[in-house]
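K.L.:
Features from Swiss-Prot:
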type	residues	note
BINDING	S99, M119, T122, G163, N168, G331, S332, S333, E334, G335, W336	ATP binding site
BINDING	S102, A328, D329, Y330, G331	jasmonate binding site
BINDING	T166, T167, N168, V169, Y170, K531, I532, L533, D534, H535	L-alpha-amino acid binding site
Amino acid sequence: MKMVVEKTEKFDPEEVIEEFEVLTKDAGKIQEETLQKILEENGGTEYLQQWGLNGKTDSLSFKNCIPIVTHKDLEPYIHRIADGDLSPILTGKPITTISLSSGTTQGKPKFVPFNEELMESTMQIFKTSFVFRNREFPVVNGKALQFIYGSKQFKTKGGLAAGTATTNVYRNAQFKKTMKAMQTPCCSPDEVIFGPDFQQSLYCHLLCGLIFRDEVQVVSSTFAHSIVHAFRNFEQIWQELVTNIREGVLSSRVIVPSMRAAMSKLLKPDPELADTIFNKCSRLSNWYGLIPELFPNTRYIYGIMTGSMEPYLKKLRHYAGDLPLLSADYGSSEGWIGANVNPELPPELVTYAVLPNIGYFEFIPLMENLDGLEPMPVGLTEVKLGEEYEIVVTNFAGLYRYRLGDVVKIKGFHNGTPELQFICRRNLLLSINIDKNTEKDLQLAVEAAAKILSDEKLEVVDFTSHVNVSADPGHYVIFWELNGEASEEILKECCNCLDKSFVDAGYVGSRKVHAIGALELRIVKRGTFHKILDHFVGLGAAVSQFKTPRCVGPTNLSVLQILSSNVVESYFSTAFC
(Lines of atoms letter the chains of each structure in order from A and count residues from 1; the text may use other names and numbers.)
(Lines give C-alpha, C1' and ligand atoms only; values in the text may rest on other atoms or scores of the structure.)
Protein backbone atom coordinates (compact mmCIF):
# COMPACT_ATOMS: atom_id res chain seq x y z
CA MET A 1 0.00 0.00 0.00
CA LYS A 2 1.57 3.27 -1.13
CA MET A 3 0.25 6.61 0.02
CA VAL A 4 -0.63 8.76 -2.98
CA VAL A 5 0.98 12.19 -2.94
CA GLU A 6 -1.84 14.65 -3.37
CA LYS A 7 -1.66 17.10 -6.23
CA THR A 8 -3.99 19.63 -4.62
CA GLU A 9 -2.82 22.40 -2.31
CA LYS A 10 -4.75 21.09 0.69
CA PHE A 11 -4.78 17.67 2.27
CA ASP A 12 -6.98 16.15 4.92
CA PRO A 13 -5.03 15.60 8.17
CA GLU A 14 -7.49 12.97 9.41
CA GLU A 15 -7.04 11.03 6.17
CA VAL A 16 -3.25 11.08 6.58
CA ILE A 17 -3.53 9.82 10.17
CA GLU A 18 -6.02 7.14 9.17
CA GLU A 19 -3.71 5.85 6.42
CA PHE A 20 -0.80 5.83 8.87
CA GLU A 21 -2.85 3.82 11.38
CA VAL A 22 -3.86 1.30 8.68
CA LEU A 23 -0.23 0.92 7.54
CA THR A 24 1.15 0.39 11.03
CA LYS A 25 -1.61 -1.97 12.27
CA ASP A 26 -0.56 -4.59 9.73
CA ALA A 27 3.11 -3.69 9.45
CA GLY A 28 4.29 -7.27 8.78
CA LYS A 29 1.90 -7.77 5.85
CA ILE A 30 2.69 -4.30 4.44
CA GLN A 31 6.42 -5.12 4.62
CA GLU A 32 5.93 -8.31 2.58
CA GLU A 33 3.81 -6.42 0.02
CA THR A 34 6.38 -3.63 -0.19
CA LEU A 35 9.24 -6.07 -0.83
CA GLN A 36 7.12 -7.89 -3.41
CA LYS A 37 6.45 -4.60 -5.21
CA ILE A 38 10.15 -3.64 -5.18
CA LEU A 39 11.15 -7.04 -6.58
CA GLU A 40 8.37 -7.07 -9.21
CA GLU A 41 9.50 -3.67 -10.47
CA ASN A 42 13.19 -4.57 -10.47
CA GLY A 43 13.36 -8.38 -10.85
CA GLY A 44 14.89 -8.12 -14.32
CA THR A 45 17.84 -6.00 -13.21
CA GLU A 46 21.42 -7.13 -13.65
CA TYR A 47 22.08 -6.96 -9.90
CA LEU A 48 19.16 -9.13 -8.76
CA GLN A 49 19.67 -11.59 -11.64
CA GLN A 50 23.35 -12.07 -10.89
CA TRP A 51 22.48 -13.32 -7.41
CA GLY A 52 20.05 -15.87 -8.85
CA LEU A 53 16.77 -14.44 -7.56
CA ASN A 54 15.16 -15.48 -10.88
CA GLY A 55 11.99 -13.43 -10.52
CA LYS A 56 11.08 -14.63 -7.00
CA THR A 57 9.43 -11.95 -4.87
CA ASP A 58 9.07 -13.58 -1.44
CA SER A 59 11.20 -12.49 1.52
CA LEU A 60 12.69 -15.94 2.20
CA SER A 61 14.10 -16.29 -1.34
CA PHE A 62 15.25 -12.67 -1.22
CA LYS A 63 17.23 -13.22 1.99
CA ASN A 64 18.64 -16.54 0.80
CA CYS A 65 19.88 -15.11 -2.51
CA ILE A 66 20.81 -11.47 -1.91
CA PRO A 67 23.80 -10.64 0.32
CA ILE A 68 23.91 -7.85 2.91
CA VAL A 69 26.11 -5.09 1.45
CA THR A 70 27.74 -1.74 2.19
CA HIS A 71 27.94 1.26 -0.11
CA LYS A 72 31.37 0.12 -1.28
CA ASP A 73 29.81 -3.06 -2.74
CA LEU A 74 27.24 -1.10 -4.78
CA GLU A 75 29.58 1.72 -5.82
CA PRO A 76 30.67 0.16 -9.16
CA TYR A 77 27.01 -0.28 -10.20
CA ILE A 78 26.05 3.26 -9.16
CA HIS A 79 29.03 4.75 -11.03
CA ARG A 80 28.04 2.90 -14.20
CA ILE A 81 24.56 4.45 -13.91
CA ALA A 82 26.08 7.90 -13.30
CA ASP A 83 28.34 7.41 -16.33
CA GLY A 84 25.33 6.89 -18.59
CA ASP A 85 24.77 3.12 -18.76
CA LEU A 86 21.02 2.93 -19.49
CA SER A 87 20.64 -0.84 -19.05
CA PRO A 88 18.58 -2.01 -16.03
CA ILE A 89 21.49 -2.30 -13.58
CA LEU A 90 19.86 -1.69 -10.18
CA THR A 91 16.35 -0.57 -11.15
CA GLY A 92 13.91 -1.49 -13.91
CA LYS A 93 13.12 2.14 -14.69
CA PRO A 94 16.13 4.37 -15.49
CA ILE A 95 17.55 6.45 -12.64
CA THR A 96 17.51 10.11 -13.70
CA THR A 97 18.94 11.75 -10.57
CA ILE A 98 21.85 11.05 -8.24
CA SER A 99 21.98 12.21 -4.62
CA LEU A 100 25.24 13.08 -2.92
CA SER A 101 25.65 12.33 0.77
CA SER A 102 27.21 15.14 2.83
CA GLY A 103 30.56 13.32 2.80
CA THR A 104 31.33 14.49 6.32
CA THR A 105 31.57 10.97 7.73
CA GLN A 106 33.95 9.41 5.20
CA GLY A 107 35.61 12.56 3.85
CA LYS A 108 34.09 12.42 0.36
CA PRO A 109 30.47 12.44 -0.86
CA LYS A 110 28.83 9.14 -1.83
CA PHE A 111 26.65 8.78 -4.93
CA VAL A 112 23.19 7.37 -4.15
CA PRO A 113 20.36 6.74 -6.70
CA PHE A 114 17.32 9.05 -6.33
CA ASN A 115 13.96 8.62 -8.07
CA GLU A 116 10.33 9.72 -7.92
CA GLU A 117 9.41 6.92 -5.48
CA LEU A 118 11.92 8.33 -2.98
CA MET A 119 10.39 11.77 -3.48
CA GLU A 120 6.95 10.32 -2.74
CA SER A 121 8.32 8.69 0.43
CA THR A 122 9.77 12.07 1.45
CA MET A 123 6.41 13.80 1.09
CA GLN A 124 4.64 10.96 2.90
CA ILE A 125 7.06 11.29 5.85
CA PHE A 126 6.71 15.10 5.87
CA LYS A 127 2.92 14.94 5.84
CA THR A 128 2.70 12.19 8.46
CA SER A 129 4.88 13.96 11.01
CA PHE A 130 3.24 17.30 10.21
CA VAL A 131 -0.29 16.14 11.06
CA PHE A 132 0.86 14.74 14.42
CA ARG A 133 2.91 17.89 15.07
CA ASN A 134 0.05 20.16 14.09
CA ARG A 135 -2.32 18.49 16.55
CA GLU A 136 0.01 19.48 19.41
CA PHE A 137 1.39 22.75 18.03
CA PRO A 138 -1.05 24.10 15.40
CA VAL A 139 0.16 26.59 12.80
CA VAL A 140 -2.36 28.46 10.66
CA ASN A 141 -1.59 30.55 7.57
CA GLY A 142 1.91 31.36 8.72
CA LYS A 143 5.37 31.29 7.23
CA ALA A 144 8.46 29.27 8.10
CA LEU A 145 11.87 30.85 8.51
CA GLN A 146 13.78 27.97 6.96
CA PHE A 147 17.55 28.06 6.90
CA ILE A 148 17.75 25.83 3.84
CA TYR A 149 20.38 26.01 1.15
CA GLY A 150 20.01 24.22 -2.17
CA SER A 151 23.44 23.68 -3.65
CA LYS A 152 23.83 23.60 -7.41
CA GLN A 153 22.82 20.49 -9.28
CA PHE A 154 25.36 19.36 -11.85
CA LYS A 155 25.42 16.78 -14.61
CA THR A 156 27.28 13.50 -14.20
CA LYS A 157 29.44 12.09 -16.98
CA GLY A 158 26.35 10.29 -18.27
CA GLY A 159 24.14 13.39 -18.14
CA LEU A 160 22.19 12.61 -14.94
CA ALA A 161 21.22 15.47 -12.64
CA ALA A 162 23.24 15.23 -9.42
CA GLY A 163 22.95 17.19 -6.21
CA THR A 164 22.75 16.71 -2.47
CA ALA A 165 19.69 14.79 -1.26
CA THR A 166 18.25 17.98 0.25
CA THR A 167 18.78 19.91 -3.00
CA ASN A 168 17.00 17.19 -4.99
CA VAL A 169 14.04 17.49 -2.60
CA TYR A 170 13.94 21.32 -2.52
CA ARG A 171 14.08 21.51 -6.34
CA ASN A 172 11.17 19.11 -6.76
CA ALA A 173 7.79 20.75 -7.45
CA GLN A 174 6.14 18.50 -4.85
CA PHE A 175 8.20 20.06 -2.04
CA LYS A 176 6.79 23.55 -2.53
CA LYS A 177 3.23 22.22 -2.95
CA THR A 178 3.49 20.23 0.27
CA MET A 179 4.92 23.18 2.23
CA LYS A 180 2.03 25.31 0.97
CA ALA A 181 -0.47 22.63 1.95
CA MET A 182 1.05 22.62 5.44
CA GLN A 183 0.43 26.39 5.57
CA THR A 184 4.10 27.05 6.31
CA PRO A 185 5.68 28.25 3.05
CA CYS A 186 9.27 29.43 3.33
CA CYS A 187 9.51 33.20 3.79
CA SER A 188 12.63 33.38 1.57
CA PRO A 189 12.36 33.43 -2.24
CA ASP A 190 13.92 30.66 -4.36
CA GLU A 191 16.72 33.00 -5.42
CA VAL A 192 17.90 32.98 -1.79
CA ILE A 193 17.42 29.24 -1.18
CA PHE A 194 19.30 28.34 -4.37
CA GLY A 195 21.81 31.17 -4.22
CA PRO A 196 25.40 30.31 -5.18
CA ASP A 197 26.95 31.81 -2.03
CA PHE A 198 26.03 30.45 1.38
CA GLN A 199 26.93 33.58 3.41
CA GLN A 200 24.84 35.82 1.17
CA SER A 201 21.91 33.37 1.36
CA LEU A 202 22.16 33.24 5.16
CA TYR A 203 22.12 37.05 5.36
CA CYS A 204 19.01 37.19 3.15
CA HIS A 205 17.26 34.39 5.10
CA LEU A 206 17.67 36.44 8.30
CA LEU A 207 16.48 39.60 6.55
CA CYS A 208 13.40 37.82 5.14
CA GLY A 209 12.61 36.47 8.59
CA LEU A 210 12.72 39.97 10.07
CA ILE A 211 10.58 41.44 7.27
CA PHE A 212 7.91 38.78 7.91
CA ARG A 213 8.56 38.60 11.67
CA ASP A 214 4.88 38.63 12.67
CA GLU A 215 4.00 35.86 10.18
CA VAL A 216 6.83 33.48 11.13
CA GLN A 217 5.34 30.54 13.05
CA VAL A 218 8.13 27.99 12.60
CA VAL A 219 11.92 28.37 12.60
CA SER A 220 13.58 25.37 10.99
CA SER A 221 16.42 23.82 9.06
CA THR A 222 17.42 20.33 8.02
CA PHE A 223 19.85 20.15 10.95
CA ALA A 224 19.98 21.98 14.29
CA HIS A 225 23.54 23.06 13.47
CA SER A 226 22.29 25.39 10.71
CA ILE A 227 19.88 27.17 13.08
CA VAL A 228 22.57 27.72 15.73
CA HIS A 229 25.01 28.82 13.03
CA ALA A 230 22.46 31.33 11.68
CA PHE A 231 21.83 32.99 15.04
CA ARG A 232 25.52 33.04 15.97
CA ASN A 233 25.91 35.03 12.74
CA PHE A 234 22.94 37.22 13.66
CA GLU A 235 24.79 38.31 16.83
CA GLN A 236 27.53 39.74 14.60
CA ILE A 237 25.43 41.39 11.87
CA TRP A 238 22.14 42.40 13.52
CA GLN A 239 22.83 46.15 13.39
CA GLU A 240 23.52 45.97 9.66
CA LEU A 241 20.23 44.10 9.15
CA VAL A 242 18.40 46.78 11.14
CA THR A 243 19.96 49.51 8.96
CA ASN A 244 18.83 47.67 5.79
CA ILE A 245 15.24 47.59 7.11
CA ARG A 246 15.33 51.23 8.25
CA GLU A 247 16.59 52.52 4.88
CA GLY A 248 15.03 49.89 2.60
CA VAL A 249 18.42 49.31 0.97
CA LEU A 250 20.07 45.88 0.82
CA SER A 251 23.60 45.48 2.19
CA SER A 252 26.48 45.65 -0.29
CA ARG A 253 27.61 42.25 1.04
CA VAL A 254 24.88 40.69 -1.16
CA ILE A 255 26.30 40.85 -4.68
CA VAL A 256 24.50 38.02 -6.54
CA PRO A 257 22.22 39.88 -9.03
CA SER A 258 19.29 37.43 -8.84
CA MET A 259 19.36 37.56 -5.04
CA ARG A 260 19.50 41.37 -4.98
CA ALA A 261 16.61 41.58 -7.44
CA ALA A 262 14.44 39.18 -5.41
CA MET A 263 15.22 40.93 -2.11
CA SER A 264 14.53 44.40 -3.54
CA LYS A 265 10.91 43.33 -4.12
CA LEU A 266 10.54 42.52 -0.41
CA LEU A 267 12.65 45.23 1.21
CA LYS A 268 11.01 48.64 1.75
CA PRO A 269 11.99 51.38 4.24
CA ASP A 270 10.39 50.54 7.60
CA PRO A 271 11.81 52.67 10.45
CA GLU A 272 9.17 51.39 12.88
CA LEU A 273 10.16 47.74 12.33
CA ALA A 274 13.84 48.71 12.53
CA ASP A 275 13.27 50.41 15.91
CA THR A 276 11.35 47.39 17.24
CA ILE A 277 14.15 44.97 16.33
CA PHE A 278 16.85 47.34 17.60
CA ASN A 279 15.12 47.76 20.97
CA LYS A 280 14.48 44.05 21.40
CA CYS A 281 18.09 43.10 20.61
CA SER A 282 19.46 45.84 22.87
CA ARG A 283 17.43 44.59 25.85
CA LEU A 284 18.41 40.91 25.57
CA SER A 285 20.78 39.43 28.14
CA ASN A 286 23.49 37.43 26.34
CA TRP A 287 20.98 36.77 23.51
CA TYR A 288 18.85 34.49 25.69
CA GLY A 289 15.39 33.99 24.12
CA LEU A 290 16.45 35.71 20.89
CA ILE A 291 14.14 33.68 18.61
CA PRO A 292 10.79 34.42 20.37
CA GLU A 293 11.82 38.09 20.74
CA LEU A 294 12.48 38.43 17.02
CA PHE A 295 9.57 36.23 15.91
CA PRO A 296 6.80 36.56 18.54
CA ASN A 297 4.33 34.15 16.90
CA THR A 298 6.75 31.23 16.60
CA ARG A 299 5.21 27.98 17.83
CA TYR A 300 8.34 25.80 17.77
CA ILE A 301 11.87 25.22 16.44
CA TYR A 302 12.16 22.29 14.02
CA GLY A 303 15.06 20.29 12.61
CA ILE A 304 17.05 17.09 13.06
CA MET A 305 18.39 17.30 16.61
CA THR A 306 19.59 13.77 17.33
CA GLY A 307 22.97 12.05 16.95
CA SER A 308 25.74 14.44 15.96
CA MET A 309 23.28 17.36 16.39
CA GLU A 310 22.79 16.83 20.15
CA PRO A 311 25.84 18.96 21.13
CA TYR A 312 24.10 22.03 19.63
CA LEU A 313 20.95 21.66 21.76
CA LYS A 314 22.26 23.68 24.70
CA LYS A 315 22.94 26.73 22.51
CA LEU A 316 19.70 26.21 20.58
CA ARG A 317 17.71 26.17 23.85
CA HIS A 318 19.49 29.38 24.84
CA TYR A 319 18.27 31.10 21.66
CA ALA A 320 14.82 29.46 21.85
CA GLY A 321 13.97 30.48 25.43
CA ASP A 322 10.71 28.74 26.31
CA LEU A 323 9.91 27.61 22.76
CA PRO A 324 9.72 23.82 22.29
CA LEU A 325 12.40 22.09 20.22
CA LEU A 326 10.86 19.50 17.89
CA SER A 327 13.11 16.96 16.25
CA ALA A 328 12.50 16.28 12.55
CA ASP A 329 12.11 12.86 10.96
CA TYR A 330 14.66 10.08 10.58
CA GLY A 331 16.26 9.51 7.23
CA SER A 332 19.50 9.73 5.28
CA SER A 333 20.71 10.38 1.75
CA GLU A 334 19.76 6.75 1.03
CA GLY A 335 16.12 7.32 1.96
CA TRP A 336 13.68 7.70 4.84
CA ILE A 337 13.10 5.36 7.79
CA GLY A 338 10.54 6.85 10.15
CA ALA A 339 8.43 9.82 11.21
CA ASN A 340 8.31 11.63 14.55
CA VAL A 341 4.71 10.97 15.62
CA ASN A 342 5.35 11.92 19.28
CA PRO A 343 6.34 15.57 18.82
CA GLU A 344 5.88 16.41 22.51
CA LEU A 345 9.01 14.39 23.39
CA PRO A 346 12.22 16.43 23.86
CA PRO A 347 14.99 15.77 21.28
CA GLU A 348 16.97 13.61 23.73
CA LEU A 349 14.02 11.18 23.99
CA VAL A 350 12.56 11.45 20.49
CA THR A 351 11.51 8.27 18.66
CA TYR A 352 10.63 7.53 15.05
CA ALA A 353 7.81 5.26 13.90
CA VAL A 354 8.96 3.25 10.87
CA LEU A 355 6.67 3.60 7.84
CA PRO A 356 6.38 0.01 6.59
CA ASN A 357 5.51 0.92 2.98
CA ILE A 358 8.49 3.11 2.05
CA GLY A 359 11.06 0.29 2.02
CA TYR A 360 11.83 -3.16 3.36
CA PHE A 361 13.68 -3.06 6.67
CA GLU A 362 15.86 -5.59 8.46
CA PHE A 363 17.67 -5.22 11.77
CA ILE A 364 21.01 -6.78 12.75
CA PRO A 365 21.14 -7.38 16.54
CA LEU A 366 24.14 -5.66 18.11
CA MET A 367 25.60 -8.66 19.83
CA GLU A 368 28.01 -11.32 18.67
CA ASN A 369 27.03 -14.96 18.67
CA LEU A 370 29.10 -17.34 20.77
CA ASP A 371 30.97 -18.40 17.64
CA GLY A 372 31.96 -14.78 16.99
CA LEU A 373 29.76 -14.47 13.89
CA GLU A 374 27.36 -11.60 13.36
CA PRO A 375 23.75 -12.54 14.21
CA MET A 376 21.19 -13.01 11.45
CA PRO A 377 19.02 -9.93 10.83
CA VAL A 378 15.41 -9.92 12.00
CA GLY A 379 12.36 -8.34 10.35
CA LEU A 380 10.54 -5.13 11.24
CA THR A 381 7.96 -6.88 13.41
CA GLU A 382 10.50 -9.24 15.05
CA VAL A 383 12.54 -6.62 16.90
CA LYS A 384 12.52 -6.65 20.71
CA LEU A 385 11.84 -3.79 23.10
CA GLY A 386 15.01 -2.30 24.60
CA GLU A 387 17.37 -4.03 22.15
CA GLU A 388 19.84 -2.25 19.85
CA TYR A 389 20.19 -2.99 16.13
CA GLU A 390 21.90 -1.84 12.96
CA ILE A 391 19.43 -1.02 10.16
CA VAL A 392 19.52 -2.76 6.77
CA VAL A 393 17.46 -1.11 4.00
CA THR A 394 15.95 -2.27 0.71
CA ASN A 395 14.27 0.56 -1.19
CA PHE A 396 12.60 1.54 -4.48
CA ALA A 397 15.76 3.21 -5.83
CA GLY A 398 18.04 0.20 -6.22
CA LEU A 399 19.48 -0.43 -2.77
CA TYR A 400 19.10 -4.07 -1.69
CA ARG A 401 19.95 -5.23 1.85
CA TYR A 402 22.05 -2.10 2.27
CA ARG A 403 23.73 -1.48 5.63
CA LEU A 404 22.85 2.04 6.67
CA GLY A 405 25.48 2.06 9.42
CA ASP A 406 23.06 3.51 12.01
CA VAL A 407 22.55 1.99 15.46
CA VAL A 408 19.01 2.32 16.84
CA LYS A 409 17.23 1.22 20.01
CA ILE A 410 13.65 -0.08 20.11
CA LYS A 411 11.79 2.20 22.54
CA GLY A 412 8.22 1.10 21.85
CA PHE A 413 5.67 0.29 19.17
CA HIS A 414 3.00 2.26 17.32
CA ASN A 415 0.46 -0.45 16.56
CA GLY A 416 2.63 -3.08 14.83
CA THR A 417 5.57 -0.90 13.78
CA PRO A 418 8.57 -0.19 16.04
CA GLU A 419 9.46 3.25 17.37
CA LEU A 420 13.22 3.71 17.07
CA GLN A 421 15.60 5.93 18.98
CA PHE A 422 18.73 6.90 17.05
CA ILE A 423 21.83 5.98 19.09
CA CYS A 424 24.88 6.60 16.89
CA ARG A 425 26.70 5.79 13.67
CA ARG A 426 28.14 2.31 14.00
CA ASN A 427 31.39 3.02 12.18
CA LEU A 428 32.31 6.17 14.10
CA LEU A 429 34.63 4.51 16.57
CA LEU A 430 37.64 5.78 18.44
CA SER A 431 39.71 2.64 18.73
CA ILE A 432 43.43 1.93 19.12
CA ASN A 433 43.74 -1.27 21.08
CA ILE A 434 40.80 -3.17 22.61
CA ASP A 435 39.02 0.14 23.28
CA LYS A 436 35.77 0.96 21.48
CA ASN A 437 34.23 4.40 21.89
CA THR A 438 31.30 5.61 19.80
CA GLU A 439 30.16 9.08 18.82
CA LYS A 440 27.84 9.00 21.84
CA ASP A 441 30.76 8.20 24.19
CA LEU A 442 32.71 11.13 22.73
CA GLN A 443 29.71 13.41 23.12
CA LEU A 444 29.25 12.46 26.79
CA ALA A 445 32.96 13.07 27.48
CA VAL A 446 32.82 16.51 25.85
CA GLU A 447 29.65 17.39 27.80
CA ALA A 448 31.33 16.44 31.09
CA ALA A 449 34.44 18.53 30.36
CA ALA A 450 32.41 21.46 29.01
CA LYS A 451 30.75 21.84 32.44
CA ILE A 452 34.12 23.05 33.75
CA LEU A 453 34.09 25.76 31.06
CA SER A 454 30.52 26.86 31.81
CA ASP A 455 31.61 28.05 35.27
CA GLU A 456 33.91 30.47 33.41
CA LYS A 457 31.03 31.60 31.11
CA LEU A 458 32.71 29.82 28.19
CA GLU A 459 31.38 27.19 25.82
CA VAL A 460 32.53 24.68 23.21
CA VAL A 461 31.44 26.02 19.81
CA ASP A 462 32.24 22.72 18.08
CA PHE A 463 34.45 19.66 18.41
CA THR A 464 35.84 16.61 16.69
CA SER A 465 38.31 13.81 17.37
CA HIS A 466 41.13 11.85 15.79
CA VAL A 467 43.13 8.75 16.67
CA ASN A 468 46.84 9.56 16.46
CA VAL A 469 48.82 6.39 15.83
CA SER A 470 51.88 8.11 14.33
CA ALA A 471 53.65 7.59 17.67
CA ASP A 472 53.65 4.51 19.89
CA PRO A 473 51.49 4.13 21.90
CA GLY A 474 48.66 5.79 19.97
CA HIS A 475 46.39 8.28 21.71
CA TYR A 476 43.07 10.11 21.31
CA VAL A 477 43.14 13.71 20.10
CA ILE A 478 40.15 15.97 20.81
CA PHE A 479 39.85 19.28 18.91
CA TRP A 480 37.85 22.08 20.53
CA GLU A 481 36.82 25.50 19.25
CA LEU A 482 35.84 27.84 22.11
CA ASN A 483 33.88 31.10 22.11
CA GLY A 484 36.54 32.88 24.18
CA GLU A 485 39.87 32.57 26.01
CA ALA A 486 40.28 29.94 28.74
CA SER A 487 43.16 29.78 31.20
CA GLU A 488 45.83 27.09 30.99
CA GLU A 489 44.71 25.74 34.36
CA ILE A 490 41.09 25.34 33.20
CA LEU A 491 42.08 23.65 29.93
CA LYS A 492 44.37 21.19 31.73
CA GLU A 493 41.44 20.31 33.99
CA CYS A 494 39.20 19.88 30.91
CA CYS A 495 41.81 17.62 29.28
CA ASN A 496 41.98 15.35 32.34
CA CYS A 497 38.18 15.30 32.57
CA LEU A 498 37.90 14.21 28.91
CA ASP A 499 40.35 11.37 29.50
CA LYS A 500 38.54 10.14 32.63
CA SER A 501 35.11 10.42 30.97
CA PHE A 502 35.80 7.60 28.49
CA VAL A 503 34.58 4.80 30.73
CA ASP A 504 34.82 1.93 28.22
CA ALA A 505 36.64 -0.90 30.07
CA GLY A 506 38.99 -1.50 27.14
CA TYR A 507 40.04 2.16 27.16
CA VAL A 508 40.47 2.50 30.93
CA GLY A 509 42.45 -0.76 31.13
CA SER A 510 44.68 0.23 28.21
CA ARG A 511 45.33 3.68 29.68
CA LYS A 512 46.28 2.22 33.07
CA VAL A 513 48.94 -0.02 31.52
CA HIS A 514 49.95 2.71 29.02
CA ALA A 515 48.94 0.64 25.99
CA ILE A 516 47.13 3.86 24.98
CA GLY A 517 48.91 7.19 25.45
CA ALA A 518 47.65 10.29 27.25
CA LEU A 519 44.64 11.99 25.66
CA GLU A 520 45.51 15.25 23.91
CA LEU A 521 43.25 18.32 23.85
CA ARG A 522 43.98 20.74 21.00
CA ILE A 523 42.36 24.17 20.97
CA VAL A 524 41.81 25.62 17.49
CA LYS A 525 41.29 29.22 16.33
CA ARG A 526 37.82 30.75 16.16
CA GLY A 527 36.27 29.99 12.78
CA THR A 528 38.16 26.72 12.20
CA PHE A 529 34.99 24.63 12.01
CA HIS A 530 33.54 27.15 9.57
CA LYS A 531 36.56 26.44 7.35
CA ILE A 532 35.66 22.73 7.52
CA LEU A 533 32.10 23.60 6.45
CA ASP A 534 33.49 25.69 3.56
CA HIS A 535 35.69 22.75 2.54
CA PHE A 536 32.71 20.37 2.26
CA VAL A 537 30.58 22.98 0.48
CA GLY A 538 33.45 23.29 -2.01
CA LEU A 539 33.21 19.53 -2.60
CA GLY A 540 29.52 19.92 -3.50
CA ALA A 541 27.85 19.37 -0.12
CA ALA A 542 24.86 21.55 0.81
CA VAL A 543 25.14 23.65 3.96
CA SER A 544 21.75 22.30 5.08
CA GLN A 545 23.17 18.78 4.95
CA PHE A 546 26.43 19.57 6.75
CA LYS A 547 27.31 17.57 9.85
CA THR A 548 30.61 18.20 11.63
CA PRO A 549 32.59 14.94 11.38
CA ARG A 550 32.91 13.76 14.98
CA CYS A 551 35.82 11.46 14.20
CA VAL A 552 38.32 12.42 11.49
CA GLY A 553 39.91 9.30 10.02
CA PRO A 554 43.48 9.06 8.70
CA THR A 555 42.27 9.22 5.07
CA ASN A 556 40.44 12.50 5.63
CA LEU A 557 43.64 14.46 5.04
CA SER A 558 42.05 17.76 4.01
CA VAL A 559 40.09 18.11 7.26
CA LEU A 560 43.08 16.99 9.34
CA GLN A 561 45.15 19.66 7.60
CA ILE A 562 42.57 22.38 8.36
CA LEU A 563 42.45 21.33 12.03
CA SER A 564 46.21 20.92 12.49
CA SER A 565 47.07 24.25 10.85
CA ASN A 566 44.70 26.12 13.17
CA VAL A 567 45.81 24.68 16.53
CA VAL A 568 46.74 27.43 19.02
CA GLU A 569 47.17 25.40 22.23
CA SER A 570 47.71 21.75 23.10
CA TYR A 571 47.45 19.85 26.41
CA PHE A 572 48.12 16.24 27.42
CA SER A 573 46.15 14.50 30.14
CA THR A 574 47.84 13.57 33.42
CA ALA A 575 44.82 11.51 34.55
CA PHE A 576 46.55 8.11 34.44
CA CYS A 577 50.11 9.13 35.34
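Glycine too: its Cβ is placed from the backbone N, Cα and C atoms.
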K.L.:
Is any of the binding-site residues A328, G331, I532, D534 within 10 Å of T122 (ATP binding site) (Cα-Cα), and if so, which, in sequence order?
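P.N.:
Those close enough are G331.
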K.L.:
Just the number: how many Å between the Cα atoms of I532 (L-alpha-amino acid binding site) and S332 (ATP binding site)?
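P.N.:
S332 (ATP binding site) has its Cα 21 Å from the Cα of I532 (L-alpha-amino acid binding site).
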K.L.:
Let me know the DSSP-derived helix, strand or coil state of G331 (jasmonate binding site), please.
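P.N.:
The residue in question, G331 (jasmonate binding site), is strand (DSSP, three-state).
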K.L.:
Compute the C-alpha separation of D534 (L-alpha-amino acid binding site) from S99 (ATP binding site), stating it in Å without decimals.
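P.N.:
Cα-Cα distance, D534 (L-alpha-amino acid binding site) to S99 (ATP binding site): 20 Å.
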K.L.:
How long is the line from the C-alpha of Y330 (jasmonate binding site) to the C-alpha of T166 (L-alpha-amino acid binding site), rounded to the nearest angstrom?
P.N.:
13
K.L.:
Measuring Cα to Cα, tell me the gap between T166 (L-alpha-amino acid binding site) and S332 (ATP binding site) in whole angstrom.
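P.N.:
One finds 10 Å between the Cα atoms of these residues.
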K.L.:
Nearest by CA distance to S99 (ATP binding site): which of the binding-site residues is it, out of A328, D329, G331?
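P.N.:
Comparing Cα positions, the closest of these binding-site residues turns out to be G331.
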K.L.:
Around Y170 (L-alpha-amino acid binding site), how many other CB atoms lie within 10 A of its CB?
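P.N.:
Around the Cβ of Y170 (L-alpha-amino acid binding site), 24 other Cβ atoms lie within 10 Å.
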K.L.:
If one measures from the C-alpha of Y170 (L-alpha-amino acid binding site) to the C-alpha of S332 (ATP binding site), what distance in angstrom results, rounded to a whole number?
P.N.:
15
K.L.:
My understanding is the cutoff is Cβ-Cβ under 8 Å with a sequence separation of 6 or more in the same chain; which residues meet that for G331 (jasmonate binding site)?
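P.N.:
Correct list: T122, I125, I337.
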